[in-house]
Structure formats: C-alpha cells, structure tokens
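Accompanying notes for the structure given below.
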Amino acid sequence: MTKYIFVTGGVVSSIGKGIVAASLGRLLKNRGLKVTIQKFDPYINIDPGTMSPYQHGEVYVTDDGAETDLDLGHYERFIDINLNKYSNVTTGKIYSEVLRKERKGEYLGATVQVIPHITDALKEKIKRAASTTDSDVIITEVGGTVGDIESLPFLEALRQMKADVGSENVMYIHTTLLPYLKAAGEMKTKPTQHSVKELRGLGIQPNMLVIRTEEPVEQGIKNKLAQFCDVNSEAVIESRDVEHLYQIPLNLQAQSMDQIVCDHLKLNAPQADMTEWSAMVDKVMNLRKTTKIALVGKYVELPDAYLSVVEALKHSGYANDTAIDLKWVNANDVTVENAADLLGDADGIIVPGGFGQRGTEGKIQAIRYARENDVPMLGICLGMQLTCVEFARHVLNMEGANSFELEPSTKYPIIDIMRDQIDIEDMGGTLRLGLYPCKLKPGSKAAMAYNNQEVVQRRHRHRYEFNNKFRSEFEAAGFVFSGVSPDNRLVEIVELKEKKFFVAAQYHPELQSRPNRPEELYTAFVTAAIKNSN
C-alpha cells in the first residue's frame, strides 16, 4: 500500500517547505524505499511556462516535457530521481481538465462543483503520481500558506485522502516560522499556534511540525508547541538556517524525523545510510580553491531565475574541490567598449538561456569577448543561439546577422523557427520540451566532456534552431557542430576546438546535474575555468 505524506505551510510563504520535503524524500530513499514527490501550486496558470522569471524564478523541465515549478529542481537534486508531468499540479491545470470533461459530457449532466469534482481531480493526480512510478511513498507539497483562499480545494483534497486510503497510510507535516524577537529575547509560538488552528479548522490535524528558525529551539518551546498543537513533542522538528542546503537532510535525520515518519506510517525500513551524503557535505564545507565565473543574464536581479544553472556550477565545483565565486553581470550593461571591464576578472563566462530581445546584444558582446580573449565560455539555449550569431557577425562578416526570433527581417537568419513550430499560435506548452537524444562528434570537446559517449539524452526548452542553410559556411571557418540530433537535422552543440573551452548547447544540461553526480558539460567548463585561473 502506498503511503502519502502531505507537507503544508503556515505563517509565511517561502519558508522552505520544498527543501524539507526534498530532504525527507532523500532520507526515505536511503532507507531503501521508492519515493516520488509532487508540488501543488494554487495559481490559475496552467503551468509556469509563460510566467515571467521575475514572478516565478526558473521554469524546471522534466524528462517528459512538463514545464514546472523550480521546487522540482530541489526535489530531483536532493532525492536524485527523475520526475514526470504528474509532479506539478496547478489550479489552472485542474480546472482546465474538469471543464474539458464537462464540455464532453463526461459528468452526465451533473452540476460540476469544487466538491466533489475538483477535489476528486486533485486526488486522482496524487494517486497517479504514485502509480506511474510504483512508489512506496509519495510526498505532496502544497504551495502557499494555510489560509490562502486559493489553497482551500487542495487542502480539502488532502483531508479527504485520509478517509480514502486510511489514517495509517497518511501523514500531515506542517511547516511554520518560529520568529525570534531580539528586543524581547524570546521565540514566539503564537503564529504557529494560530496556523495550526487554521489548519485544524479545515479538518487536518498535523502529525508533525517542522519549525523554521534562526536560533536553536529549547525543549520547553517544543513542549509548548506540542501541547497547544496536539502533536507529540518528539514530532516537533527544528529546521535551523544552515550554511549549505545539503546539510538539512543530516540535521533532520539527527532529530529522527525519518524514523518518526516510518513509525507513523508503519514502514518497516532499515536506517538511512547517509555516509556518502555526509562525505559530500563535509567536502562542500571545506573546499580548498576558488574560481570566478561571470554569469551574463537578463534576469540577474532575481537569482532564482538561474537556480539550476547556479547549482550545476556548484556541483561541478565540488567535483574539483573548488568554490564558485559567481559574478552576476546584467546583459543589458555589456557593450563592446566595457566588456573587458565587466568580464576581465572572470576565469570563465556562462551565458544562459532566456527569451525576448532585451539583453541579447550584451550577451553577444560577452560571447565575443570570451572568443577573442580565449576565456572559457559555456552557452546554454539562447546562449548557444547567440554564440552562432556572434560568429556570423564577427568572423563570417555577415553584417546584421541575427535570430529570426529577435529580428524577423534580418538578411542572415542564423537562427530560425523550427519547422514544426511555424503554425503554432499558443505560447504555453508548445515549445520543444523534454528529453531528446544528442549524437556527439568523436574527438570534439563535447564528446570528451561526456567520456566519449556516442549519444547523450538531455532536456530541452526551445522553439528556434540553427539554420542549416548556413552550416557549410560555418564549418569552413572552423566552427564545429559537435552535437546533432540522430537524424543530423537539428544542431545541439557547437564549439571552437582551438579555444581552451568555447562550447554552447541548445539543451539545458543543468537540469540533470546532481550534487553527487555533476553534469559532465558543466564540469568540463568549470575545469577549464579553474585551469584558466592558474
């Protein structure tokens, strides 16, 4: 029988529910249990694919092409699993499906209501996420906080699950903030008490509290919370601020969180062996070297827009016993005149993806600076496309060369819309999304990065591609197409072989990087940057 764990939040949002859920997932996986995890987002968008990065941070893409919340990146990195489209559910997605069924007459003339139709659809998503992965345990995080009007159908569905599958198969974990008032010199439990009261008013009694705090929590505070919130005192778990996120699973294990969960759900599983994870954390805390990487992006005011990129750089740094000193460079600020001033102290330059015209000329100048000064450079998605545009302009002398996306009237459309995208009108969910194979060119830097594999599978999110009409001219000038689709039609990786490291990929390698298993192309880039700093 599948076990269901529901993680809710109270007092404030962005409290770290996703990290707690991911950390618990890691502990349970290391007990030998098969774990999956999902995120409920109460917003009305179908998915975050068309949302501004300033509003939502990065869009995380799964193997099967779902555009999802960035928390799924935390889930995959912590638990080291590949999630699917059932791992992110939004209000918009649920209502869209229910309304589509109503139009088809599948409700046989019934009045369609929040209860039972919306709640049934939500419960079906929970069960489907578990069944498609054949999991022993599914962890479901509900975005936002208890009391948000948008969350009510989600919480009602969670309440009903207890009756549907039995109380012994369901556990509710509530995460809250425990504020410390310096003036009073004490922690205040009242916000948590009121949050739990609100949750209980909706029919959910939490079995465990996870309290986010900056300071150590005395046992007396835990006992008080246990008494007023009707949970066992040992089930009041402290989640204190840490230097590195990857410390959190170890901190939770030290408080027997996973054992309490297993006892409640009657899961007979051995103790979690966290030896490898602990060794990784110890290494992360004691890195001996540092290298500076300039990230040239258009959303640098919000680092969450590049969360997976940053994590992938860190992972590759760990593999090299090196801390990444990240320099955020706003692409709008980069010009041919000041590129050296902005980028001259960087050991490596990364140009990540993005959409729209703003900042693209600055990215092109950053790529030009890297090429002309032989600074290790990694381009991702739009960064790859602009790498091709930069080469066309400044090496092939194609004045005004551009991407058709950015300048439809350009004489040299180096990047063009994919053929199967031409007649698509909707923006959401219509990109080339998910896992696709990439055939590597033997002897190339890309092939060497991937240990001379013939084919790698990586995740994509794009609508435009390199225009093959220009391929022969590029190759004649020494531009190497080192990765292509198996049918040789779509360019996946480009590089300049004579440079220290000048490689750009159409796909998003960062989405498959893990702290104990860094992505190979990122590692090759970081290794080149480290060598460049010596």
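Each Cβ is built from the backbone N, Cα and C atoms, and glycine gets one as well.
If you look up Swiss-Prot, you'll see 1-267 marked as region 'Amidoligase domain'.
Around PRO191 (UTP binding site), a 10 Å sphere centred on its CB holds 15 further CB atoms from the protein chains shown. Look at Swiss-Prot and you will find SER13, ASP148, ILE149, GLU150, LYS188, THR189, LYS190, PRO191, THR192, GLN193, LYS224 tagged as CTP binding site.
LYS190 (CTP binding site): 10 other CB atoms within 10 A of its CB, across all protein chains. Secondary structure from DSSP puts LYS190 (CTP binding site) in a helix. Annotation source Swiss-Prot lists UTP binding site at SER13, LYS188, THR189, LYS190, PRO191, THR192, GLN193, LYS224, citing sequence analysis.
Sequence-distant contacts (6 or more apart, same chain, Cβ under 8 Å) of ASP241 (ATP binding site) comprise THR213, GLU214. Feature annotation from Swiss-Prot assigns ATP binding site to SER14, ILE15, GLY16, LYS17, GLY18, ILE19, ASP71, ARG240, ASP241, VAL242.
The L-glutamine binding site annotation in Swiss-Prot covers TYR54, GLY354, LEU382, GLY383, MET384, GLN385, GLU405, ARG463. With a 10 A radius on its CB, GLN385 (L-glutamine binding site) counts 28 other CB atoms from all the protein chains. In the three-state DSSP scheme, GLN385 (L-glutamine binding site) is classed as helix.
What Swiss-Prot lists as Mg(2+) binding site is ASP71, GLU141. Around the Cβ of ASP71 (ATP binding site), 24 further Cβ atoms fall within 10 Å across all displayed protein chains.
What Swiss-Prot lists as domain 'Glutamine amidotransferase type-1' is 292-534, and the listing cites sequence analysis.
Swiss-Prot lists CYS381 with the feature active site, nucleophile, giving sequence analysis as the kind of evidence. Cβ environment of CYS381 (active site, nucleophile): PRO352, GLY353, GLY354, ARG461, HIS462, ALA505, GLN506, TYR507, HIS508 lie under 8 Å away, each six or more residues apart in the same chain.
Taken from Swiss-Prot, the feature active site covers HIS508 (among others).
In the three-state DSSP scheme, GLU510 (active site) is classed as helix. The active site feature in Swiss-Prot is assigned to GLU510 (among others); the stated evidence is sequence analysis.
Packing around LEU382 (L-glutamine binding site) is summarised by its Cβ count: 27 other Cβ atoms lie within 10 angstroms of its Cβ, all protein chains included. If you compare Cα positions, MET384 (L-glutamine binding site) sits closest to ILE149 out of the binding-site residues ILE149, LYS190, PRO191, GLN193.
Within the set of binding-site residues GLY18, LYS188, THR192, the entry lying nearest in space to GLU405 (L-glutamine binding site) is GLY18 (CA atoms). Taking CA atoms as the reference points, GLY18 (ATP binding site) and TYR54 (L-glutamine binding site) are 19 Å apart.
Cα separation, PRO191 (UTP binding site) to LYS224 (CTP binding site), rounded: 13 Å.
Counting neighbouring Cβ atoms within 10 Å of each of the recorded positions (GLU141, GLU405, GLU510), the lowest count belongs to GLU405.
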